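Down below is the structure, laid out as structure tokens.
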Amino acid sequence: MARIKAIRGMNDILPDQTPVWMYLEDTIKSVLNAYGYQQIRMPIVEQTDLFKRSIGEVTDIVEKEMYTFDDRNGESLTLRPEGTACCVRAAEEHGLLYNQTQRLWYTGPMFRYEKPQKGRYRQFHQVGVETFGMNGPDIDAEVILLSARLWKELGILDELELQINTLASNEARAEYKTALVAYLKNHFDKLDADSQRRLETNPLRVLDSKSPETQEVLKGAPSLMDHIDEESKLHFEELLARLDKAGIQYVLNPTLVRGLDYYCKTVFEWVTTSLGAQGTVCAGGRYDGLVEQLGGRATPAVGFAMGVERLVLLLETLNVIPASVTETLDVYITSMGEDASMVAMTLAEQLRNEEKSLRVQLHCGGGSFKSQMKKAGNSGAKFAIILGDQEVEQQVAAVKNLQEGEQSNVAFNELAQFLKDNL
Ligand code: ATP
Ligand code: MG
């Protein structure tokens, strides 16, 4: 019978990869804690309408990337393609947005039917940050500072470029769209097919077209800055002043528009050149209209999402993962004979009691001394403890440093201290 395999674009994350994932997740958590952000957990399935109404009908995600299916009762459900809409739904449903501010984060799998390639998968993971109830540039700056601190902690700040833009208010953008469409219609024949199609449905997306001919046409296009409202202009200037003050470098990118409908004012991306075409590791912006659009009260909001797979790839590519991350064991305990095996078990428990951070693996399944020592050597542990009849009788363990080779005898009751001192 043919073996059943994982679904294309949906990856198993294997034991030799999970230490890096955990290191990344732990670092993210500690940075989020340092800013007082609280975690929220949402289901991975939502009503399809949630995404249609928030992300927008004429976006790549809703047009062609969603995993949508009918539940047994005929209700249309969708595996979440992103977390912002889910987070807004949950926060609104439980009254978290009423007369208060929130700084929230979540992590988990997202699903998009895309062409799988390096850094682009059908199930991928995001860590998302969403803040609610704050309308000033101070909070925009905070989420950017938070992300910058994370890159610094991970040792990748120098590899990432912060690109930033403003999309102005919804009204100013609507006015600009009219001017842009009028201009592009005069150059319709020179636009690529995607841009021709988007001209009617989502004209701002034409701005980030990859086609050189389209980009040539865009050089003469009207600029959003000619239509920007005074409030958005000030907001943007104050945000940039804060970034300057904090020493965060950025690049102004007027073609940065983001793929989703709900953004206004600030948008930004952290981009690397080290991952090929999939260079955006983190993207976000302000979405003041979304809560209201989903049936709540008007609530200012700003957030971002980062792609965990792309960050893992980047850490690996740049070789910046601390060695300690992949060392997952300190001690491997071997024993010869039934009596010694019993003592070994007790000793392992005792070590775990005495030194909570100690990572102890007990050899199970018997075997020769040679084969047990081979397992110890391959385990990645720094020390092997060797117990035979003689050691048990004298209550002394033979402790071998597997990296340096030397061996010493340590009394059972001094073992925890010895390991602590020598690790
Ligand atoms: P892209 O332009 O690469 O398609 P996007 O604009 O669709 O990205 P967002 O919806 O903003 O992406 O998601 C935020 C982040 O999630 C991205 O910057 C990226 O790091 C990650 N991401 C998005 N789609 C995928 C995917 N299919 N596989 C892996 N990571 C992804
Ligand atoms: Mg995409």
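Backbone N, Cα and C define each Cβ position, glycine as well.
TrEMBL does not curate its annotations; it predicts them automatically.
According to TrEMBL, the L-histidine binding site annotation covers Glu82, Gly83, Thr84, Arg112, Gln126, Glu130, Arg258, Tyr262, Tyr263. The DSSP secondary structure for Glu82 (L-histidine binding site) is coil. Counting every protein chain shown, the number of other Cβ atoms lying within 10 Å of the Cβ of Glu82 (L-histidine binding site) is 19.
Residues or ranges marked as domain 'Aminoacyl-transfer RNA synthetases class-II family profile' in TrEMBL: 1-315.
Taking the Cβ of Tyr263 (L-histidine binding site) as reference, residues of its chain lying under 8 Å away and at least six apart in sequence are, in sequence order, Leu167, Val257, Gly285, Arg286, Tyr287. Long-range Cβ proximity for Thr84 (L-histidine binding site), meaning a same-chain Cβ under 8 A and a gap of 6 or more residues, is found for Ser54, Gly128, Glu130, Tyr262, Tyr287, Leu290, Gly303, Ala305. Checking the binding-site residues Glu82, Thr84, Gln126, Tyr263 against ligand 1, the ones with a C-beta less than 6 Å from an atom of that molecule are Glu82, Gln126. Among the residues Glu82, Gly83, Thr84, Arg112, Gln126, Glu130, Arg258, Tyr262, Tyr263 said to bind L-histidine, no two Cα atoms are farther apart than 21 Å.
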